[in-house]
Amino acid sequence: MAALQEKKSCSQRMEEFRHYCWNPDTGQMLGRTLSRWAWISLYYVAFYAVMTGLFALCIYVLMRTVDPYTPDYQDQLKSPGVTLRPDVYGDKGLDISYNVSNNRTWTDLTLTLHNFLAGYSPASQEDNINCTSHKYFFQESFRAPNHTKFSCKFTADMLQNCSGLVDPSFGFAEGKPCFIIKMNRIVRFLPSNSTAPRVDCAFLDQPHGDGRPLQVEYYPPNGTFSLHYFPYYGKKAQPHYSNPLVAAKFLNVPRNMQVVIVCKILADHVTFDNPHDPYEGKVEFKLKIQK
Amino acid sequence: ARRGTGTEDVGKTDTGDGKEKYRGLKDKRLELKKNHQKEELKKEVDLEDHKLSIKELERKYGTNIVTGLSSTQAAELLARNGPNALTPPKETPEIVKFPQADGAILCWIAYGIQYFNDKSSSLDSVYLGCVLALVVILTGIFAYYQEAKSTNIMASFSKMIPQQALVIRDSEKKTVPAEQLVVGDIVEIKGGDKIPADIRLLSTQGCKVDNSSLTGNLTPSLRTHDNPLEAENPWNKMSTSPVGTATGMVINTGDRTIIGQIASLASGVGHEKTPIAIEIEHFVHIVAGVAVSIGILFFIIAVSMKYYVLDSIIFLIGIIVANVPEGLLATVTVTLSLTAKRMAKKNCLVKNLEAVETLGSTSIICSDKTGTLTQNRMTVAHLWFDNQIFVADTSEDHSIFDQSSGTWASLSKIITLCNRAEFRPGQESVPIMKKVVVGDASETALLKFSEVILGDVMEIRKRNRKVAEIPFNSTNKFQLSIHETDDPSDKRFLMVMKGAPERVLEKCSTIMVNGQEQPLDDSTAEAFHTAYMELGGLGERVLGFCHLYLPADKFPETYSFDVDTVNFPTSNLCFVGLLSMIDPPRSTVPDAVTKCRSAGIKVIMVTGDHPITAKAIAKSVGIISANSETVEDIAKRLNIPVEQVSKRDAKAAVVTGMELKDMSPEQLDELLTDYSEIVFARTSPQQKLIIVEGCQRQDAVVAVTGDGVNDSPALKKADIGIAMGIAGSDAAKNAADMVLLDDNFASIVTGVEEGRLIFDNLKKTIAYTLTKNIAELCPFLIYIIAGLPLPIGTITILFIDLGTDIIPSIALAYEKAESDIMNRKPRHKKKDRLVNAPLAIYSYLHIGLMQALGAFVVYFTVYAQEGFRPSALINLRVEWEKDSVNDLEDSYGQEWTQYQRKYLEWTGYTAFFVGIMIQQIADLIIRKTRRNSIFQQGLFRNKVIWVGIASQIIIALILSYGLGSVSALNFTMLRPQYWFVAVPHAILIWVYDEVRKLFIRLYPGSWWDKNMYY
């Protein structure tokens, strides 16, 4: 500050600055002559080139050490996350509300489901094989074409009433909406020891309205994810893999009031009690059906 | 009764009169205050009272010299004029110092805005704002605490015992605290008392006063009566009266005393910003400039990349936070106080922490003479008798001159007898030179001299009983006493006399040579004058001695001497010899002056003393070096008039206050630049101020040393004021930034060395601190441009700035100097900056960039091994941060919930943090030196560095493994191998810097040296 506080007029300062920008006596530009600028630029170019090279080398070495099929660590992926379709997020988490009598309020929701299930059309599942074993589908070698592994087929029609094929409105029109629950993929994750993981939906707190528990129809039956969809071997090994889905059709959602529904995945190795992560092993959502 | 009515009358008239006077005083004070900064204040102080008669005084002050004031009058006056105490100097409110961390406050405000704009946004921002505010407050409090601690030392140090005064009130003698004295009080002073206020002497019995704290001289100058500072009467507050008793009337109290006026002159002088404060400010400007320009640049980029404005503002804040070295204020404070502590151990007490460095950049020292360069103790230096000059060195073997001569026997007797000074009883075990003496400075010197050479002086005096005495006074200029001799067979009286040599010689008709009396002829008178001139030319105070044995027939044993009528002869005496005294320089001073010279520091002497004395002392301590001459010297040598001497030939100059008075500022500038060795003599406090200002106009950093009250304005004006701890007055100590506890000028040299070292080390500290800013900044830039998940969070950055980096940066303060710092010139205030372009560029664009790359490697490693390859990360930001995406796919097709990603992001923060930390270890090691190789400096010589490195690692371990579960801190437990990913980069940094230093050493002055040496 002291240097600035010296009484210099504005024009003097401008003059000084101009002199700094271009000094005709020494041929200096911004404190350096042109050749000096060239030299210093050359140095920096060289220096940064070397640095970039070294950095690239580091990243290259890193990529060489990383396994292309399986991640080295899955510290955060001990238990899969669960997502819901249709997914409309409010201020705090999923928040779905619509009016039965006004179809404009739910066409977006059904559209989301249609779009989501487009990936499960027979055409897009063409490359996958049909599995029926209901046991873990372990594949140690790459027997599928192009040095990949097989993936099991999951088509929309497996969701029956909630497939959108029978009822394009997914039950929204009649106030018994379908929701699709998806479990996140984790490479080589085995959800349970023997029984298939199952979806279980219920009101979060207490029964609402008339005090009856939530009545749910699950598709596929029992709301299970068949074990033959597991383990997942990663994108490179299973490029056509599709997550198995479970659809839940809620039959007795009270009208004109907001209810909170939680759908958990019941399996030996899926936990849903992480206080920090609301989407781990379960999905919670608010639902309000107006009439 | 007459007196009584008189008092009443005066009492009555006093009310109006007093008020008038009071108003006058008040006006004067107001005026004084108004003109604090103006030149008028530099006028000499003016007092008239010493010219008034006692009657006039009584009338003026409404008092009576016998009965004193009445208690009610006194109480009234006290209430009106306030206590007789100096107003303590105002302290700057400490809160003012807080906004120093303005960058952080800005962040807080910005976060506040963000919070109010969008209440639903995560509480993280508010939390961070609080943390930042806390940082600001804590560092502020910390700096304040450190400052206050050192100020407290000072406060306890300067605490004075409450002074008492003996005052006559209601016709009774009372002891009251000196604070309660009022104008008009009649006070009695005993030998050894401090004068409690400005008083006008009414009567005195052999009382002298030591005004040295006021004028800077050892004895009051008797030359002029016009200047109250130098007049014999009145006496001034704070002076001490070493001998006799006196009665006086208080004419001024408190701030209105001469002392008070000087003190207000001192407090009126604005304190200049310390050079280090200027440097830190300069540094803050650079950092702020970089932060703001990068911030705005990226704000524009962000906006043009279609980020939300609010997001862009957050980026802006992130960039600023990354750029502000939050911990630096605390670091600098600690570093300075560490040095201050180290200096305190070497008897330099630093009052103002920033002054620690100021001493290092000092280029001119204006030193007071008395008490600083000299011992403030008169000592006999030379003797002249038998036509010969002898050196008297009482500090060593005392038989260096011929003591067999009969003249010496006579001379020694006169010295012993014609002396009123006495040792204070009860000091048998104290060495002679340290004994406390009741008596004035010259008599003390003579007493000690004779005690050393002859033994028990008191015993000799007892044997030669004193029968009559005429004490010294300024009209006679001699002192005379008549004694019985110790020879029982000799019934004659011995009259001894000492005084100003020319006066003494006038009274003599004979001279003693080799013990024989000879008539005083022209040749002996000539010899006397030569000797007198020679001793006087040495700057010494010369006294002449003579004696006379009074014939027994005219003056029998029973003769009654009357000193008032002088019924004895005072002429035709026998001249015995001359003796000269000087206040000798401190033994450590010449060496210290030489060291200052070699360190490129100009030492100027500024004294109130006589030019000849000043010059002699300057020569003996090396301020004027042996082979340099003044214009006058050359003129004398060449025997030509002074005007004909070319000024270029003279290196030294002696300038008196009178000459200085007539000089224009330009002439003073010329003087200061033309001569390398300058002595200012006979200067007033105001002129000292002018000299200091003159030096400061030369862009010099000026240190002023002094002990007296008269020095305090200059001490305050100086860039660094250095007061003497033992001899120094409280006013001087208050005005000073530093106090030399042992009064040793040589301590200044230590201070300069420490100050220069701290400057070098602060440079290293700042370079160290700046480097990581780039590593903290790059993540934001990459985040904005390439859309990577945020590599490092703001809170994590704070943990680097205020956690891992603090102790290492302090550790650099313990670094030893790379070369002999006392052999280089003081830094130029405006050219050698603390933070210069090469430092900033090298830190930011070289090491900082390497660090950023290294830290990014750690970051990419963590993400890649967890599933996100670098290619997948690019432009992932939007999806990554969306709360509504809970199935984000990674490179392996795995799907991540928002929290899982967040946790990985924190792991990334931790990894980036560890990457920076590891490389900061290398940075710390390379910053140990700027030119030498680390191996030349010694890797393990500074143990504190290793403490710093250990602390860095331990703090990081605690953060990751201990606090990894506290989600608010954004740390996670990092896999052990990630701690080592950045190690190759750390080694690369070390190697690169060694190469840099190698080329700097190999090719000094080259392109490389200019661009790479900071």
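The backbone N, Cα and C atoms fix where each Cβ goes, glycine too.
Look at TrEMBL and you will find B:1-29 tagged as region 'Disordered'.
Feature annotation from TrEMBL assigns domain 'Cation-transporting P-type ATPase N-terminal' to B:48-144.
Annotated transmembrane segment per TrEMBL: B:126-145 (among others), in sequence order.
For the transmembrane segment (B:283-307), the residues of the chain that approach it from at least six positions outside its boundaries are 103, 313, 315-316, 319-320, 323-325, 766, 770, 773, 777, 780-781, 784-785, 834-835, 840, 844, judged by C-beta separation under 8 angstroms. The feature transmembrane segment is assigned by TrEMBL to B:283-307 (among others).
Positions annotated as transmembrane segment by TrEMBL: B:313-336 (among others).
Annotation comment: TrEMBL describes B:835-860 (among others) as transmembrane segment. Long-range contacts of the transmembrane segment (B:835-860) within the same chain: residues 279, 282-283, 286, 290, 763, 766-767, 770-775, 777-779, 782, 791-792, 870, 873, 908, 911-912, 914-916, 918-920, 923, 926, 978, 981-982, 984-986, 988-989, 992-993, 996, 1010-1014, each at least 6 residues beyond the stretch ends and with a Cβ under 8 Å from a Cβ of the stretch.
Sequence-distant neighbours of the transmembrane segment (B:945-964) (same chain, 6+ residues past either end, Cβ-Cβ under 8 Å): 799, 803-805, 807-812, 814-815, 910, 913-914, 917, 920-921, 924-925, 928, 971-974. Residues or ranges marked as transmembrane segment by TrEMBL: B:945-964 (among others).
The transmembrane segment annotation in TrEMBL covers B:976-992 (among others). Sequence-distant contacts of the transmembrane segment (B:976-992) (same chain, at least 6 residues past either end, Cβ-Cβ under 8 Å): 846-847, 850-851, 853-855, 857-858, 861-862, 911, 914-916, 918-919, 921-923, 925-926, 934.
Across the domain 'Cation-transporting P-type ATPase N-terminal' (B:48-144), mean pLDDT in this model comes to 65.
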